[in-house]
Ligand SMILES: Nc1ncnc2c1ncn2[C@@H]1O[C@H](COP(=O)(O)OP(=O)(O)O)[C@@H](O)[C@H]1O
């Protein structure tokens, strides 16, 4: 099974997925009922190691899986076909990136964050003000959520608002998606006020 963890840059994908193995162990050991292979007919994950997690942005860099370099944006244009083939070979359970929803997945987690907080996080991470603002606007417009729903359908999308959650708390909610204990959800936040 593959679970994509996507969201606008700054929503906390890298941080939450880095905490995932520890949180998975803590949650699944604490709840023996999640060791079943299916919950309510849904496939579940009952074991997770660091090898099961793939950070696409690292892979794109380390394997040079890009077709072009965008100097203005200080970023690369990913070669999605090459990326898909490398990811298929590695068969990870969790795929983390703002591009993850462009690859096939059984479930898609979309991390969300209130745009002002998102911009604050990006500035704190060292991003330029312009880039932080651009991403905050994109988050207010639900761009990645809409793409995820269009590609994978409402029944496969799980929206998680990270605005007031710690990375561990966000990771716990992703664990619930992996173990089949969370229902799909989309449109649970409304950040459009940021644009007014
Ligand atoms: N839940 C959270 N609450 C507050 N700050 C966070 C949270 N998750 C991540 N951060 C911080 O926000 C910044 C962006 O997080 P990061 O995981 O790199 O986002 P992404 O991978 O989605 O681009 C980092 O500086 C990180 O420390």
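Glycine is treated like the rest: Cβ placed from N, Cα and C.
Annotations in TrEMBL come from automatic prediction, not curation.
Site annotation (TrEMBL, ligand ATP) includes 10, 12, 13, 14, 15; from 90, 107, 125, the additional listed residue is 125.
As annotated in TrEMBL, region 'LID' covers the listed stretch 124-134 rather than the other ranges in 124-134, 135-145, 146-156. Every protein chain considered, the tally of other Cβ atoms within 10 Å of the Cβ of residue 14 (ATP binding site) stands at 17. Counting residues of the region 'LID' (124-134) by DSSP class, helix then strand then coil, yields 7 helix, 0 strand, 4 coil. When pLDDT values are averaged over the region 'LID' (124-134), the model yields 95.
The binding-site residues 13, 125 differ in how many other CB atoms lie within 10 Å of their CB, and the one with the most is 13. Secondary structure at residue 15 (ATP binding site), taken from DSSP and collapsed to helix, strand or coil, is helix.
In sequence order, 9, 11, 16, 121 are the same-chain residues whose CB sits within 8 A of the CB centroid of 10, 12, 13, 14, 15, 125, the residues recorded for ATP being left out.
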